[in-house]
Structures are given as structure tokens and as C-alpha cells.
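Below is one structure, written out as C-alpha cells; comments come after it.
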Amino acid sequence: MKLTSVVIVAVLFLAACQLTTSDGSRGTWKDRAVRSITKVSMLRWPCKVAGSPCGLVSECCGTCNVLRNRCV
């Protein structure tokens with residue numbers, strides 16, 4: 001019974017901490033997503049132009065046509 005009470009109090013405490021800290025970070029998820037996309041795109045450059053050969057791991061600027069093995 002004591003263990004159950006301690007677990008319930010701990011869960012409620014952690015939930016309260018999550019709720020109080022989430023108000024201060026409102027609207028930053030979009031910024032984080034944009035930053036992560038920018039970082040990924042910077043890591044992948046330089047990309048291959050259209051007509052270049054591509055494989056299973058696409059390094060094309062656009063998409064990879066797997067059937068023709070060429071960047072589109």
C-alpha cells in the first residue's frame with residue numbers, strides 16, 4: 001500500500017512538472033523542427049543533380065528513380 005502511494009505521488013509530481021514547463025516552451029517545437037531539417041539538409045550537401053546515378057541511399061537533390069537508377 002505504501003509503495004503504491006509513493007508511485008502515485010511520484011507520477012503526479014512528474015506530470016505536474018511536465019505541465020508547468022510546457023507553458024514556457026510554447027511554439028518552439030516548430031522552430032526545433034525547422035532547425036533539425038536545416039541541419040539534416042546541411043549534412044547531406046552537396047547533393048547529386050538530376051541525371052546523376054543514385055542507389056538505395058539517395059543523395060539526390062530531388063528524388064531517386066530506383067528503376068532507372070537516376071536522380072530526378
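Every residue gets a Cβ built from N, Cα and C, even glycine.
Annotated features, as they stand in Swiss-Prot:
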- C47-C61: disulfide bond (DISULFID)
- C54-C64: disulfide bond (DISULFID)
- C60-C71: disulfide bond (DISULFID)
- 1-22: signal peptide (SIGNAL)
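Positions of the features from Swiss-Prot, shown on the structure.
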residue: C47; record: disulfide bond; Cβ neighbours (10 Å): 14
residue: C54; record: disulfide bond; Cβ neighbours (10 Å): 21
residue: C60; record: disulfide bond; Cβ neighbours (10 Å): 19
residue: C61; record: disulfide bond; Cβ neighbours (10 Å): 15
residue: C64; record: disulfide bond; Cβ neighbours (10 Å): 20
residue: C71; record: disulfide bond; Cβ neighbours (10 Å): 20
Discussion item. What whole-number Å value do you get for the CA-CA distance of C71 (disulfide bond) and C64 (disulfide bond)?
Written reply: 4
Worksheet item: If you measure from the Cα of C47 (disulfide bond), which of the disulfide-bonded residues C54, C60, C64 is the nearest?
Response: C60
Worksheet item: For C60 (disulfide bond), what is the secondary structure by DSSP, using just helix, strand and coil?
Response: strand
Worksheet item: In whole Å, how far is C54 (disulfide bond) from C60 (disulfide bond) when you measure between their Cα atoms?
Response: 7
Worksheet, complete the sentence: Rounded Cα distance, in Å, between C61 (disulfide bond) and C54 (disulfide bond) is 11
Discussion item. Using DSSP and collapsing to three states, where does C71 (disulfide bond) fall: helix, strand or coil?
Written reply: strand
Response to the item:
By a three-class reduction of DSSP, C54 (disulfide bond) is assigned coil
